[in-house]
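Novice: These came from TrEMBL, pasted as-is:
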type	residues	note
TRANSMEM	20-40	transmembrane segment
TRANSMEM	52-72	transmembrane segment
TRANSMEM	84-102	transmembrane segment
TRANSMEM	114-138	transmembrane segment
TRANSMEM	144-162	transmembrane segment
TRANSMEM	203-220	transmembrane segment
TRANSMEM	232-247	transmembrane segment
DOMAIN	238-387	domain 'O-antigen ligase-related'
TRANSMEM	253-271	transmembrane segment
TRANSMEM	278-298	transmembrane segment
TRANSMEM	372-393	transmembrane segment
TRANSMEM	414-438	transmembrane segment
REGION	454-473	region 'Disordered'
Amino acid sequence: MNQPVSKAAMLKELILGNSLFIWMLIAIIAIATLLLFQLSSSKKIGLALEKTFAYFYIFISPSLTQPPFNYLHLTNLQDTSGSILSMLPYFFYPWIVLILFSRVKAFGSKFIDFFAKVLIVNPFFLLYILLPSLSTLWSLVPDVTLRAGLAFSAFTAFGFYLAAQYKWHDLSRFWRWGYTALGLASFIMKPPGAGDFVGLTQAKNSLGGVLALCTAFWYLHYFQGAKTQKERWISLGMMFFSFYLVRANKSGAALVITIILIIAVSSLNFIKKLTFQWAFTAIICFLVVSIIMTVFVVDNLEDIVVGGLGKDLTLTGRTEFWPQLIAAANQRPWFGYGYEGFFQQDKLGPATPAYFIYTSNGFQPKNPHNGAIGILLAFGWPGLILMMISLLLNLAYAVRYLSRSNLEDAGMPICFLVSIIMSNITEAQIVGIANAWLSYVMLTVRLAIDNASNTSNTSSSNPQRPSVARTVD
């Protein structure tokens, strides 16, 4: 009986099974590289190529399952199988840097300035991003943590680069169209059916989070960014299409987060008119109410007779193993178990506390299903404190930026922060190397640069008046 051949195996056989094809492919890549390298020296073409990469990087950021996109994600740096296809990131991203060398070189001359601004405005973020690699020193599985830390650092570096290179107007376009492209590609290539709609992603909650943000971004653009009637109609159409995909996704949590984001965007005009203290208080109160609402709805989906929400994993199972995970974290409170070091029961067996964690029905979790607990397990209480302070600073900077900028630009970080906080109640997305972490990196870097620049501009435009002292002969 013939076994079905996977697409990856077919692609590998096509590439490696014919030496002539290999040489032709090498020649085409070499010619394309030289051509693109020369073209990118033009400021206009170089900018266009870099923006194309930005769209693509955001498109593949959720870690897709569809070839060839799945092989180009930086999570493949964790792979130990030695597969040729999983090694593509080792060649693809240096190739991108080579093609965009003129742009990268210009960025390098300003990197110290960008880094200094982030260091001054949000040093806790920079300390946090060192932890995945440093945790190799105390990880239960140092080899796994070393590779995961490398992937995390590379993924973070590209996010830092894009956020430093572009302002919110461009970044909002990258996210809006990048996420829309993912939703459209999922709809075409793996359309909704009778089951959960996961599209090109690995799980429905992953796609649901992307679609929730996509709906909110188009709603924000419709009311605050669209300049022409045509642009408004496009925004409206994309918003309804994204919301349709949220419904098709059948994730109750994603639908709740979408509604919360729509309310947040609708409230921006009101919040913008408040003083900083009242605006920050309003955002915190809104988040508290949203968290309570999310927990209540997700925990009671099976009892709520609303066909629109659909079924989702309730908190019942999570609340059984969360206390066990926290107890395990408190066994190593200062450093944790290292990045990707805790849920290694398949590799370590009883050597990791994860081996002994079960629910009453026999379910053994393979991830914490909560962002804060995930950070606690990986880096201990110091790591969680660093992230919490960084998050609070970002909330404060986002509120301050709201009073200084137009609503479309200022609404982007608010939407991301609300989404990140809500989604990490029942999932550990902030810990993974995917779109949630990429968005956090980019909003942190951009907010830090903008706030540092605004502070320096305010200081220079309001110089201290020199004192005039009376001299006595």
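Note: Cβ is positioned from N, Cα and C throughout, glycine not excepted.
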Novice: Tally of helix, strand and coil residues over the domain 'O-antigen ligase-related' (238-387) according to DSSP?
Specialist: 99 helix, 0 strand, 51 coil
Novice: May I ask you to check whether the transmembrane segment (372-393) and the transmembrane segment (114-138) make contact, with contact taken as at least three Cβ pairs under 8 Å and only pairs 6 or more apart in sequence counted?
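Specialist: Since 3 or more Cβ pairs under 8 Å link them, the transmembrane segment (372-393) and the transmembrane segment (114-138) do come into contact.
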Novice: Would the transmembrane segment (203-220) and the transmembrane segment (232-247) count as touching if the test is at least 3 Cβ pairs under 8 Å, pairs 6 or more apart?
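Specialist: They do touch: at least three Cβ pairs between the two stretches lie under 8 Å.
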Novice: Tell me, please, if the transmembrane segment (253-271) and the transmembrane segment (414-438) are in contact, taking contact as 3+ Cβ pairs under 8 Å between residues separated by 6 or more positions?
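Specialist: Touching, yes - the transmembrane segment (253-271) and the transmembrane segment (414-438) meet the threshold of 3 or more Cβ pairs under 8 Å.
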Novice: If we skip the immediate neighbours and take only residues 6+ beyond the ends of the transmembrane segment (144-162), which ones have a Cβ under 8 Å from one of its Cβ atoms?
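Specialist: 54, 57, 74-78, 80, 89, 93, 104, 107, 114, 129, 132-136, 171, 174, 338-341, 344, 347, 433, 437-438, 441-442, 445.
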Novice: Sort out the residues at least 6 away from either end of the transmembrane segment (52-72), same chain, that have Cβ-Cβ distances under 8 Å to it, and list them.
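Specialist: Sequence-distant neighbours of the transmembrane segment (52-72): 7-8, 11, 85-86, 88-89, 92, 96, 100, 158, 162, 166, 170, 174-175, 177-179, 181-182, 185, 189-190, 200-202, 206-207, 210, 432-435, 438.
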